[in-house]
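*Asks:* Just lifted these from TrEMBL, have a look:
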- 29-48: transmembrane segment (TRANSMEM)
- 44-423: domain 'Cation/H+ exchanger transmembrane' (DOMAIN)
- 60-76: transmembrane segment (TRANSMEM)
- 96-113: transmembrane segment (TRANSMEM)
- 125-147: transmembrane segment (TRANSMEM)
- 159-181: transmembrane segment (TRANSMEM)
- 193-217: transmembrane segment (TRANSMEM)
- 223-243: transmembrane segment (TRANSMEM)
- 264-297: transmembrane segment (TRANSMEM)
- 342-367: transmembrane segment (TRANSMEM)
- 374-394: transmembrane segment (TRANSMEM)
- 406-428: transmembrane segment (TRANSMEM)
- 482-621: domain 'Cation/H(+) antiporter central' (DOMAIN)
- 626-778: domain 'Cation/H(+) antiporter C-terminal' (DOMAIN)
Amino acid sequence: MATPAAPKCPAPMKATSNGVFQGDYPLDYALPLAIVQICLVLVLTRVLAYLLRPLRQPRVVAEIIGGILLGPSALGRNEKYLHTIFPPKSLTVLDTLANFGLLFFLFLVGLELDPKSLRRTGKNALCIALAGISFPFALGIGTSFALRATISQGVNQGPFLVFMGVALSITAFPVLARILAELKLLTTDVGQMAMSAAAVNDVAAWILLALAIALSGNGSSPFISLWVLLCGAGFVLLCIFIGPPIFKWMARRCTDGDPVDEIYVCATLAAVLAAGFVTDTIGIHALFGAFVLGVLVPKEGPFAGALVEKVEDLVSGLFLPLYFVSSGLKTNVATIQGAQSWGLLVLVIITSCFGKIVGTIVVSLLCKMPIQEALTLGFLMNTKGLVELIVLNIGKDRGVLNDQTFAIMVLMALFTTFITTPIVISIYKPAKLAVTEYKHRTIERKDTSKRVRMLTCFYSTRNIPTLINLIEVSRGTEKREGLRVYAMHLMELSERSSAILMVHKAKRNGLPFWNKGDVSDSNQVVVAFETFEHLSKVSIRPTTAISPMNSMHEDIITSAESKRVAMIILPFHKHQRLDGHFETTRTDLRHVNRRVLQQAPCSVGILVDRGLGGASHVSASSVDFTITILFFGGHDDREALAYGVRMAEHPGITLVVVRLVVDPEVAGGSVKLDMNQNSSPEAQSQDEVVISGLKHKISKDGSIKYEERTVKDAAETFEAIKSYNRCNLYLVGRMPEGQVVASLNKKSECPELGPIGNLLISPEFSTTASILVVQQYRSQLSQDSLSSLEEGESSDGNVSN
């Protein structure tokens, strides 16, 4: 009788193929298949992240959903797809790449966690963290008995209890930090309390997870688990004694402004891999070693920043999404069948939410927190995300969680993370900071001796020389109280984890981080402004605002209101190329400018930078600028004139005021009709009063010149403006009024600059002068002004750059 043939194992995959022309199918080889898998994962997760953006969901939610969709729960139901794209023989390579990415990501998470902040954690935050761990941990143990009696029969009781307790009690520190930052709650009391409690929770969770892994070993003797724990503790102590001195020595040898030596970065990354190898050898997990080293790296100085820069994009953008797919391939929602399984899913979700939320709320109320803040804190601490998946995957790999239990726990983690942002938005709306009503919201004012406050914004160091030179000529004379400038560096809160490192600088409730005099900041931006402050009579306060681009305008407006500024200076969203034409830097910057123009609590200026004074700061004694004001009439033009008159007080400034008026012979017809719509008699009379005052001032001040030009039509207006192109700076109103402008007022590509600003940046107009387009504050902007901005928003998709 013939014996049955033994099952044949599939041959191991070779790394690369010889190509289709040699008869090789690329997907049968490890490298081409891995490339296809990575590309598929990236496309799907990025599309899902874009679709979930309106719901304010962190990217981790999209990546978890993407992983589940690619696995046997959705697309994987098609056997042909599953065996072609994710064949069983490729999963080892996929898991290796995913864990490799996760290893370095946990190193980055450790970099975010500052041990000093843990030592400063207050008693309330500590109590809330302990309650947020112990109560759900106890409920997790209780839930584990229900699961062991039904769908998890036969699993090792000890490890299963601990894994369930950890899974229900964990708070994902990196995900929580991003949610708080995007909701602008990171700097509020409830946000700071959540971050402190989550940091303590994170450390406690890793310790409990180490215990769970030690207990889940295959050894039959309990002494093996004890040895694993003792060796793990010994490794941590060894790192604490050896690591910091070495890292501090490296950090001291990395100076600001110079690139960090590659040998230090390479040595640190090698140490991360070595630490992962040691902890894996001990029997805990390679992730622990990487996390511990990340915590021990000093957070100050350029060294930590260089490490993040080298590692982050490749790991977070490319390798980490593979971990979610690896989890998704192990998650089969189809295993949750019948009323019992779905009932257990509901039980796990309710237990998880109840334990975390109620435990946190009760202790928060005992700590005398307001009920609204306590409720918000409870939901924030219920955030799961990536760290939860790590726990579940380790449990699955160790045989502690079966397929059905794993699927239930993954869905629980997805649900609890998904509900966090919508619920927090609905229940917690922190009151706006009490802002003192202030009088001087414009440069134009009756008492010109009072100090002027300005908020200047910039995105990159490219704008700084022009900004500093603009501040120099705006400072007025010593007879005044002077000029105070708040220089705000606008930085986008991206999906990169290093954005959280930047956000941790925020110190004041709901506001960006304002540098105090006693704070030493080596940032080159701050150094530039501090140097200028020492050389001039201007008081400058540098600041950093870090927000998503879609809410950046809120930071600008709130800061302007709290600092009671008279004018906000914004950079134009285009920069000039070498050939003189303008190209868009980023489209979303123009949206920020438009929203500020619509909602600003003061006057606004948009600076078109053509290099005012060159690429460096011009000293006060070397200033020799000609500033031209094109005056047509109206609120915005009067504001530009008031600002120009202030500039003219600088000894190095020559101010030329050009008033363009319609030739009396043609001041009728359609132009007259347009004029009636665009300019009121009151505005005309105010213009005359301002011009009369200017003429009186000219009689005493030789640095100001006033000219009137009579024009008949748009062509003559253009030629008249063109004759004044030899200047350093144009000052114009955004929405001028009067007969002359009526003939020019056409639909423009950049309505935030108004008709004159668009004319000055057009290719037909040749000049090297920078342009400052000014909008004067009014409690209600004119309908023309608002409608032009709204039309610009709707036509963005059709505008070519």
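Note that Cβ sites are derived from N, Cα and C of the backbone, with glycine treated the same way.
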*Asks:* Please work out the mean pLDDT for the residues of the domain 'Cation/H(+) antiporter central' (482-621).
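*Replies:* Here the predicted model's pLDDT, averaged over the domain 'Cation/H(+) antiporter central' (482-621), is 73.
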*Asks:* Give the nonlocal contacts of the transmembrane segment (159-181) in its own chain as ranges (CB under 8 Å, at least six residues past its ends).
*Replies:* 58, 60, 109, 112-113, 132-141, 143-144, 147-148, 152, 191, 194-195, 197-199, 201-202, 205, 208-209, 211-212, 215-216, 348, 351-352, 355-356, 380-388, 391-392, 395, 398, 400-401, 409, 413, 417, 420-421, 424, 493, 497, 499-500, 503, 546
*Asks:* Would the transmembrane segment (125-147) and the transmembrane segment (193-217) count as touching if the test is at least 3 Cβ pairs under 8 Å, pairs 6 or more apart?
*Replies:* yes
*Asks:* Counting only residues 6+ away from its ends, which parts of the chain sit with a Cβ under 8 Å from the transmembrane segment (406-428)?
*Replies:* 55-58, 60-61, 64-65, 68, 73, 167, 172, 175, 179, 182-183, 185, 190, 327, 330-333, 335-336, 341, 344-345, 348-349, 352-353, 356, 372-373, 375-376, 379-380, 382-385, 388-389, 392, 395-396
*Asks:* Under a Cβ pair cut-off of under 8 Å, which of the recorded stretches 96-113, 193-217, 342-367, 374-394 contacts the transmembrane segment (60-76) most often?
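*Replies:* Answer, by Cβ pair count: 374-394.
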*Asks:* So which residues does the transmembrane segment (96-113) touch in its own chain, when a touch means Cβ under 8 Å and the partner is 6 or more beyond its ends?
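*Replies:* Contacts with the transmembrane segment (96-113): 34, 173-174, 177, 199, 202-203, 269, 272-273, 276, 286-287, 290-297, 299, 304, 307-308, 311-312, 315-316, 318-320, 322-323, 325-326, 386, 390, 497-498, 500-501, 504.
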